[in-house]
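Listed in Swiss-Prot:
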type	residues	note
BINDING	GLY67, PRO68, GLU69, SER70, SER71, GLY72, LYS73, THR74	ATP binding site
Amino acid sequence: MSVPDRKRALEAAIAYIEKQFGAGSIMSLGKHSSAHEISTIKTGALSLDLALGIGGVPKGRIVEIFGPESSGKTTLATHIVANAQKMGGVAAYIDAEHALDPNYAALIGANINDLMISQPDCGEDALSIAELLARSGAVDVIVIDSVAALVPKSELEGEIGDVHVGLQARMMSQALRKLTATLARTNTCAIFINQIREKIGVSFGNPETTTGGRALKFYSSIRIDIRRIGSIKGGENFDIGNRIKVKVAKNKLAPPFRTAEFDILFNEGISSAGCIIDLAVEKNIIDKKGSWFNYQDRKLGQGREAVREELKRNKELFHELERRIYESVQASQVPAAACVDAESREVAEAAK
């Protein structure tokens, strides 16, 4: 078949598909504008936003946050909810664990008056509510907390001790098949918080696994492994927070396996000032000599906590350092997008 014949055959096939399934059911990827644009919601930790490679968690996708107990999973998810609301978006929280503290959520910055919350009785109800909210197209982010607490209805109606092999995994697999397409169509981000379990009898390799089967691992565009690696001491040697390390275990939108560290303080959640300090020191924007931190010709303070308080007071300095960090990151990245012609989408010769 010649090239003109192949082109005519393809055009006829496209015309039949659009007649059968509707206009827009098939199109060129380059002409599909939304394919090039990834809307994101900031996580509240600048170091994590940079590690994700796209500036936050993506809308229209599934994100899984997993880790051990008291590692900051709910705090991170609540910060994402708060940032979505600050952007003018609508957020929903499906609290299957019945453990969301509205006072802590408000302290972090979430608007609890506008935050929709559901505490369903069983897993099927929780996932159906999530799917209906996503289908409405009016919700920007949905948090499901947590996968381990999504109890199938038949298990709920049975006796304690009854064996239900693979019941939750089948429920998750069935729900995610429907949910994935709905999220992409309505540009809604679904965040699943998950717990970890130990595999019995594993001698080699990582014995840890997450609940709910393998479906969530496959359908997630981003998987965030969050761990507590230490405590932060305040006055009189009391703990005032935790040091957190995050690994991007899966990323379909940027290079995976990047890591980030940040502080979670008990009275404010993720410390944005702490992230600025860490990144500014790492990129030699702030000069650290001993316990003193200096910026240009100015002494910011002695000790990390003193500098943190200075940045919380001086918002102008905070935003200046944030801007310089972004400039440093952009300068260090390979400008691949700059080498692509905007109209022809062809790779151009790199500017010398």
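Cβ from N, Cα, C; glycine included.
Feature map: annotations from Swiss-Prot on the structure.
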residue : record           : CB count, 10 Å
GLY67   : ATP binding site : 24
PRO68   : ATP binding site : 13
GLU69   : ATP binding site : 8
SER70   : ATP binding site : 11
SER71   : ATP binding site : 23
GLY72   : ATP binding site : 24
LYS73   : ATP binding site : 21
THR74   : ATP binding site : 23
Shell of the ATP site beyond GLY67, PRO68, GLU69, SER70, SER71, GLY72, LYS73, THR74, same chain only (C-beta within 8 angstroms of their C-beta centre): ILE226, ARG227, ARG228
